[in-house]
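See below for the structure under consideration.
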Amino acid sequence: MSEYKPVHPRRSIFWPLMLIVLGVILLLNTLGALPGDVWATLLRLWPLIFLIGGIDHILRGEGWVWGIFSIGLGTVFLLSNFGALPGNALNMLLRLWPLFLIVIGLDIILRGSSRWVTLAAVLLTLLVVGAVFWLAAGNQGLMGGQVVAISQPLQGAERAIVRLSNPAGGLMVQGTASSQLLAEGQVILARQQELDDRYVVQNGLGSYSLGSSGVVYLPWAGSFQSPNWQIKLSGEVPIALETNTGAGDQILDLDGLDLERLNASVAVGQLTVRLSSEDAFEGVISNPIGSLTIEIPRGALVEIHADTAITMRNIPAGEFRTEGEYLYSPGADAQNARIRLKVEQPIGVLNLRLLP
């Protein structure tokens, strides 16, 4: 009579591997072998969750499909975060989430299947990962979508309030609109979305709002590299600008604009604000979770009230002066600052860059 031997599940190596990677990075930083800011590097390493999780999934014998998919996706995201691929990793993650449901379902169904069935599923998974890599490396979009041209005349407005709101994706704003136009550019919408734009002029004040309506469950349109909202605003009239993105990224190039006020918000993602040395305004920049970069031309007198919590700061050494929660660009102080910004960022990385 043979003795029964219980089969013990293999121990997870996820957290041990994460600790090893973290230790190696901190050791390299301590030895001075790691260029740049260590905290910014750690933030870019979030795809390791997928990569190490996939390895752990395979080693524990829980299935090849999800394991290979997770490893491949984590690798693509890492390459993107470190500039080897032009795509934005967060944008890719937000657009590809339905694939997670498909792959997890296949992984559960095929668990314990024959070797040939598993091999076929693995090959299919590799093809899917290859397709993701191709989309990230090229300039391809998903689902096609519809391109809507934006062209809003000033209609006699002497000042304007502009509100731009996209629930997810990329938004780029520049100050190079054609003469007599308040806004121009293009918006790429998924098939389930509709453009929602309104403009009224009253007593010389134009009020323009641009958004979208409709619920989108599948990946939205547009490429991984180009923002699906690209808007140019007029530099001929003073503008109070409000931008809002739920999840994704914003690039606000304020050079050439005459701003009265700025309210910019990205709930989860990346937000880049490029200031002008000739402008003067107050504003609030909100990025609850993510990476916030403020680019400041030399000569611009800027005061930044940094309302942060678990935020890592990447600030040029010796360039900015700190007074409590306030940061001042070279030459600026509480009395002469022409641009005053309040930064609200509970969790993430705050980068300040001086432009030539």
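For all residues, glycine too, the Cβ spot is worked out from N, Cα and C.
These numbers come from a predicted model, not from an experiment.
The transmembrane segment annotation in TrEMBL covers 12-32, 66-86, 92-110, 117-137. The annotation domain 'LiaI-LiaF-like transmembrane region' is assigned in TrEMBL to 13-56, 64-109. As annotated by TrEMBL, domain 'DUF2154' applies to 156-247.
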Contact between the transmembrane segment (117-137) and the transmembrane segment (12-32) (3 or more Cβ pairs under 8 Å, separation 6+): no
Residues in the domain 'LiaI-LiaF-like transmembrane region' (64-109) grouped by DSSP into helix, strand and remaining coil: 38 helix, 0 strand, 8 coil
Arithmetic mean of per-residue pLDDT over the domain 'DUF2154' (156-247): 87
